[in-house]
Amino acid sequence: MQLETGKSTQGVVGSFKTIVKEEGFGRLYRGLLPPLLMEAPKRATKFAANDFWGKRFMTLTGEKKMTQNLAIATGCAAGATESFVVVPFELVKIKLQDKSSTFAGPMDVVRQVVRKEGLLGLYAGMEATMWRHLWWNGGYFGCIFQVRSLLPKPETNKARLLNDLTAGTVGGLVGTAINTPFDVVKSRIQGSSNVPGVVPKYNWTYPALVTIFREEGPAALYKGFVPKVLRLAPGGGVLLLVVEFTLNVFRQALGPPYI
C-alpha cells in the first residue's frame with residue numbers, strides 16, 4: 001500500500017483480495033525472511049540503546065529519576081541507534097515486496113544491490129529509516145512512562161505485567177500514529193531504482209513528505225496505517241511485557257546486586 005502512488009483505490013481487505021487474485025496467496029508472504037532475521041537484533045538493540053541513553057541523559061542533566069522529557073529523548077536516541085541495524089533488512093524487504101520486483105529472493109537482492117551500488121547501497125534510505133525509528137521510539141517510550149505514571153501502582157506481579165501490557169499497547173499505537181508518514185517516505189525511497197544522472201523523486205525525508213502531501217494529499221502519508229497499527233499496537237504491548245518479564249526472571253535468578 002505504501003509503494004502505491006496516487007490516491008488509494010482500495011483498503012486493507014481490497015489489497016489482500018487483489019494480491020491473492022493477481023499474484024497468488026504466496027505473494028502475501030514475500031519478503032517475510034528479512035523481518036524475521038531482523039527481529040531479534042532489532043529488539044535487543046532497541047532496549048539496550050534505551051537503557052544506555054537513559055543513563056547518559058540522566059547523568060548529563062543531573063536527574064536522579066527518569067522524567068517525561070527524558071523518556072522521549074531517550075526513546076528518540078534509541079530509535080536512531082536502532083535504525084543502523086535495520087536498514088539493510090528493510091531495504092531487502094521493500095525490494096521483494098514491490099509489485100514489479102523480479103528478484104529471486106533475499107540474497108539475490110543483496111547481490112544485485114552490492115554489484116550495482118556497492119556495500120553502501122544496502123543503506124539506501126538510511127536517513128528516512130532513522131527518522132522513522134526515532135519518532136516511533138520517542139512516542140513509544142514516552143507514552144510508556146506517562147501511562148505507567150497514570151495507572152494504579154501494581155501490588156502484584158500480575159498487576160505489574162498488566163500495566164506493562166497496557167502501557168506498551170498505548171505506546172505502540174501512538175508511536176505508529178507519529179511515524180507512519182516517515183514509513184511511507186522510507187518505503188518510497190527504498191523502493192525506487194537509482195538511474196545514473198537522474199535525481200530521484202523521493203530522496204530526502206522532509207522534502208519527500210512535502211511532495212507526497214502536495215501531490216497526493218494528507219491521506220497518502222497514512223497509507224498502510226491500519227495494518228501497521230493492528231500489528232504494532234498490540235505488538236508494542238507484548239514486546240514490553242516479554243522484556244520486563246524476562247528481566248524480572250534474570251533479576252530473581254541473579255539476586256543482589258542485580259535486583
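Don't overthink the numbers, they just go from 1 along the chain as shown.
Yeah, the Cβs are placed from backbone N, Cα and C, and that goes for glycine too.
TrEMBL does not curate its annotations; it predicts them automatically.
Listed in TrEMBL for this protein:
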type	residues	note
REPEAT	1-56	repeat 'Solcar'
REPEAT	66-150	repeat 'Solcar'
REPEAT	159-249	repeat 'Solcar'
Exercise. If you average the pLDDT over the repeat 'Solcar' (66-150), what number do you get?
Worked result: 89
Problem set entry | DSSP residue counts for the repeat 'Solcar' (66-150), split into helix, strand and coil | 72 helix, 0 strand, 13 coil
Seminar exercise, completed: Residues in the repeat 'Solcar' (159-249) per DSSP class, helix first, strand next, coil last, are 75 helix, 0 strand, 16 coil
